[in-house]
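Asks: Just dropping this structure here.
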Amino acid sequence: MSYTKRREKMGRTIHIHRVPAAIALITITLIIVYFVNFHADERPAVYGLLRNQNKVNLRKLLIGAIQAAQRGGLEVLDVAQSRDLRERSKGKTDEGANDPFTDADGRSHCVMKEGLHRIFPRVKIYSEEDKESCSNVNTFDLDPTVLHETANLPNELVDIKDVTVWIDPLDATQEFTEKLYQYVTTMVCVAVKGKPIIGVIHSPFIGQTAWAWVDHSMSEYLASIHPVNPDSSKPLITVSRSHAGSVKDLTRNVFGEESEILTAAGAGYKVLQVISNNATAYLHSTKIKKWDICAGDAILNALGGAMTNLNDELIDYGPEGSPVNDQGLLATLKNHDEYIEKLMEYRKSHTAPAHR
Ligand SMILES: *[C@@H]1O[C@H](CO)[C@@H](O)[C@H](O)[C@H]1NC(C)=O
């Protein structure tokens with residue numbers, strides 16, 4: 001058979017098969033029309049699926065956030081046990097302290113970020129270690145058993161475009177390298193329209209997870225450390241041990257000599273001190289990154305506490321703007337107004353005029 005003949009034959013074959021193909025197509029269309037019209041009770045499900053493709057379920061995000069923090073914590077533990085941190089420096093912080101990075105930061109980042117990204121591919125996720133590249137990461141599937149049995153949580157859908165997730169794969173890296181493990185946490189925060197709604201602070205070396213979803217529920221551990229009637233008679237301020245000098249002076253000047261100071265490390269840990277009433281306030285006077293504070297902000301909100309910058313403004317965790325909060329921080333469970341007023345008054349009267 002010549003080449004042209006073969007082509008003709010193929011052409012004819014296709015031609016003959018067009019009719020049954022058209023019939024099949026019409027039949028399938030009729031079946032679909034039949035199902036959509038005659039199974040009216042199934043319509044909400046079908047149409048709902050289409051409508052919900054731009055939504056994300058906050059209950060699922062909560063489960064994923066808890067799992068991510070715990071999985072990241074396992075990486076941190078693993079590196080600590082291997083005794084080979086492979087510590088290096090990311091440079092200096094604004095306070096001039098070393099800004100260390102270890103394998104634990106990198107491995108935790110990859111597990112947390114990639115794990116969440118695989119389940120929620122269209123949600124914006126920011127991590128402290130976004131510059132790291134990840135390969136061969138063990139991901140995870142959603143496991144609702146990370147919630148306690150009495151946690152009654154609704155399926156609440158929000159627009160994906162309104163959601164930002166903030167990850168801190170290892171808070172208090174400096175203390176991690178010094179084996180001051182109690183300060184180390186892994187954190188995940190979910191913000192909706194810039195407001196912190198879900199916060200997870202996991203302490204891998206203590207083996208506890210504090211999580212809360214504003215207006216819904218909180219972890220049993222969080223409920224257990226949170227006193228019903230926190231005593232707040234005397235200011236007991238927790239501040240960073242890495243640059244405590246200036247903020248200690250500020251505390252004494254603003255709250256008086258009778259005020260006490262609890263030096264600690266890690267923003268996550270310090271928020272837990274406020275929540276457990278080991279401190280009445282957490283004060284930070286310099287820059288701090290949003291992945292350090294978002295989870296604590298959400299948890300404080302859930303417990304009726306407050307976190308603001310030192311101008312008494314809420315911190316915006318939306319996708320716009322800088323990931324740095326450069327106006328300081330005050331976190332309290334009670335009496336936020338009283339604390340912030342004293343701070344603002346003092347700062348107003350002691351701010352040196354700008355150099356010309
Ligand atoms: C509060 O302080 C006590 C005593 O130092 C300590 O045992 C406890 O773990 C602290 N709470 C938290 C949440 O760290």
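The count begins at 1 with the first shown residue.
From the backbone N, Cα and C atoms, a Cβ is placed for every residue, glycine too.
Keep in mind that TrEMBL annotations are predicted by a computer and have not been checked by a curator.
Marked as transmembrane segment by TrEMBL: 21-40. The feature region 'Disordered' is assigned by TrEMBL to 85-104. What TrEMBL records for 85-95 is compositional bias 'Basic and acidic residues'. The annotation Mg(2+) binding site is assigned in TrEMBL to GLU128, ASP168, LEU170, ASP171, ASP292.
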Asks: Around ASP171 (Mg(2+) binding site), how many other C-beta atoms are within 10 angstroms of its C-beta?
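Replies: For ASP171 (Mg(2+) binding site), the 10 Å Cβ neighbour count is 29.
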Asks: Taking every protein chain in this structure into account, which of the binding-site residues GLU128, ASP168, ASP292 has the most other Cβ atoms within 10 Å of its Cβ?
Replies: ASP168
Asks: Any same-chain residues 6+ apart from LEU170 (Mg(2+) binding site) with CB under 8 Å of its CB? Would you list them in sequence order, or say none?
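Replies: Sequence-distant Cβ neighbours: GLY72, VAL76, THR102, ALA104, ASP105, SER108, HIS109, PHE176, VAL184, THR186.
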Asks: Around the Mg(2+) site recorded as GLU128, ASP168, LEU170, ASP171, ASP292, what other same-chain residues have a C-beta within 8 angstroms of the site's C-beta center?
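Replies: So the extra residues in range turn out to be ILE167, PRO169, ALA172, THR173, THR185, THR186, MET187, GLY266, ALA267, GLY268, LYS289, TRP291.
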